[in-house]
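Here the structure is laid out as C-alpha cells; the discussion comes afterwards.
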Amino acid sequence: MAGEDCVRKRQSGSTTTYRTSENEEMQRRPEGERSFQNASNGRVDVDHVITRKMQLIAEAEQLKPAFMKEVDSHFTEFVNSLVAKSALLDSSSSLFPAPCSEKDLHKAKILRAPPEHGKIFTARRSLLDELFEVSHIRTIYHMFIALLIVFILSTLLVDFIDEGRLVLGFDLLVFVFGKFPVVFCTWLCMFSATVIVPYGLFFQWAQGYCSSSHRVIHSLFYGMLFTLFQTVGLGLGPTYVAVSYALPPASRFIVILEQVRLVMKAHSFVRENVPRVLSSVKEKSSPVPVPRITQYLYFLFAPTLIYRDNYPRNPTIRWGYVATKFAQVLGSLFYAYYIFVRLCIPQFRNSSQETFNLRGLVLCIFNSILPGVLILFLVFFAFLHCWLNAFAEMLRFADRMFYKDWWNSTSYANYYRTWNVVVHDWLYYYAYRDFLWFFGKKFKAAAMLSVFSVSAAVHEYVLSICFGFFYPVLFCLFMCFGMVFNFILNDRRKGPIWNVIMWTSLFLGQGVIICLYSQEWYARQYCPLENPTFLDYLKPRSWSCHMQM
C-alpha cells in the first residue's frame, strides 16, 4: 500500500510539472495563438484564421515597397559598378599598358582625349520595349490607340454630316510630303557626298601626314577643305534646294534634318580618328590606323552620332519587330494628321483675321496645350523609339539606349540629358568637353552656355527653313526659360513636386510653340507680300495681319 501511495504521488507530481510547463509555454506564445487555441477547443476557428491571414497579408504589403526599393537600389549599384569596372578594364588595357613617365603624361595631356575616353557602347534594350512587357504600361499605349480611333471616328462623322458622304482623302499629308522626287535626289546627293568627301579627305591627310615635312600646313589645308565641305556642300547646298524648289514643310524637314545629321556624323568621324593618327605618328607605329570604308558606311546608317570602328551587335534580325516599328511610325503620322485636322486647323484658320488681344492669346496658348503635348509624345515615340529601333534592328545594332526615363525628371538638367540621348552624347563629347579641353575646366558655365546656344540656334534654323519664316519663339524659350530652368530646376531637386513643375512648364511651352507658330503660318498665308524684302522674312506677320485684313 505504501508503495502504491508513493507511485501515485510521483504520477501526480509529474502531471503537475507537465501542466505547469505547458502553461508557461502558453504564456510565452503570442496573444493571437493563445486566443486561437482557447477559442478552438479542439476545433478550427475559421474567423480567427481569416483574420490572422489578413493581418499577415497587410504586414507583407507594408514590407513590400521597402523591400523592393532596397533590392532595386542594390541591383542598380551592382550594375553601375559592373559597367564602370568593365569600362575601366577596357580603357586601361589600351590607354595605360605600362607605367608612364612625367614627360609621357605631359604629352598625353597635350593631345585630345582618344575615343576610349568617350561613350561606352553596351548591348541593352530600349526602355519602352521593357516597359511594354508590363501590362499596366501596355494599357496606357492602348489608351493612345483608342484616342486615335476616336479622332478618326470624329473626323469621319463630321465629314459625313457636312458633305453627306464619307471623305477619305488625306490632302494635308499629300501636301506636306509633296515633291518627294526632289527630296530623294537631294538626300542621295548629300549621302553620296558624305560617303566620299570626308572619308577621302581623311584618308589622304592620314597617308600624307607621316611623310610630310610641314605637318601643320598639311593639316590646315585638309582641315580647310573639310570645313568648306561642311559649310558649303552640306550646309548651303541642301538649304538652297529646299528654298528654291519651295518644298512643303514635311519634305523640308526630311532634307534639313538629314543635313544636320550628316554634318554631325562627318564631324564625329574626323574627331574620333584624327587623335588616333596623331598618336600613332608620335609612337612611330605602322600602319596608320585608317578605318575601312565599310566601317564608315555602317556608321552613317547606324542610329548613333558617336563613331566607333565596331559596335556591339545582335546575332539575328527580327524582321517582325522591324515591320512593327515601321507600322507604328506610319500610325504616328496618321495620328498627327488627325490631331492637326481636329484640334489645330479649326482653331487657327481664322485666328489671323481677328484683332490681337491678350485674352485671345491666353486662350490660344491653353487651347494649344493638348495638341502640343500629343505632338511631343508622337515625335518621341515615332522617331526616338520606333524609327531608331527599326534601323538598329536591321543593322543588328545592340545598344538601344536612345533615350532614358525623361518623364521621371525632376529637373530640366536631367530632362535635357535623357530626352534625346543620341544628340546629347554628341553635344556633350564634341561641344561641351572639347570646349573645356580648349579653354580649361574652370569655364564650365561658359561651356554650358555655348552648348545651349548651339542647340537653340540649330533648332531655330531647322524651324525657320522648314516653315519658311523666321520667328524665334523656340530660340527664346531655349535661351531664356530653358537656361533659367536649367539652373533653378537642377539635379538637387528630387521631390515629386519638382516633377509636377517640370511637366507643367513643359505643357505650357508646347502650347506657346503650337499657338505662335500656327498663327504666324496662317498670317503669311492670308497676308502675303508682293515683293518681300529680307526684313519682311524676319518681321512677324501675325502682329499686323489683322490690320491689313
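Numbers here mean position along the shown chain, with the first residue as 1.
Including glycine, each Cβ sits where the backbone N, Cα and C put it.
Listed in TrEMBL for this protein:
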REGION    1-42  region 'Disordered'
COMPBIAS  21-34  compositional bias 'Basic and acidic residues'
TRANSMEM  140-161  transmembrane segment
TRANSMEM  173-199  transmembrane segment
TRANSMEM  220-243  transmembrane segment
TRANSMEM  319-340  transmembrane segment
TRANSMEM  360-388  transmembrane segment
TRANSMEM  443-463  transmembrane segment
ACT_SITE  H459  active site
TRANSMEM  469-488  transmembrane segment
TRANSMEM  500-519  transmembrane segment
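Taking Cβ pairs closer than 8 Å, the transmembrane segment (140-161) reaches residues 132, 167, 331, 334-335, 338-339, 341-342, 377 in its own chain, all 6 or more past its ends. Only residues 6 or more beyond the boundaries of the transmembrane segment (360-388), in the same chain, are considered here, and those with a CB under 8 A from a CB of the stretch are 126, 128, 144, 303, 325-326, 328-329, 332-333, 335-336, 339-340, 343-344, 347, 351, 354, 400, 402-403, 419-420, 422, 506-508, 510-515, 518-519.
Within the same chain, residues 253, 256-257, 260, 427-428, 431-432, 435-436, 470-472, 474-475, 478-479, 482-483, 486, 517 sit at least 6 positions outside the transmembrane segment (443-463) and bring their C-beta atoms closer than 8 Å to a C-beta of that stretch.
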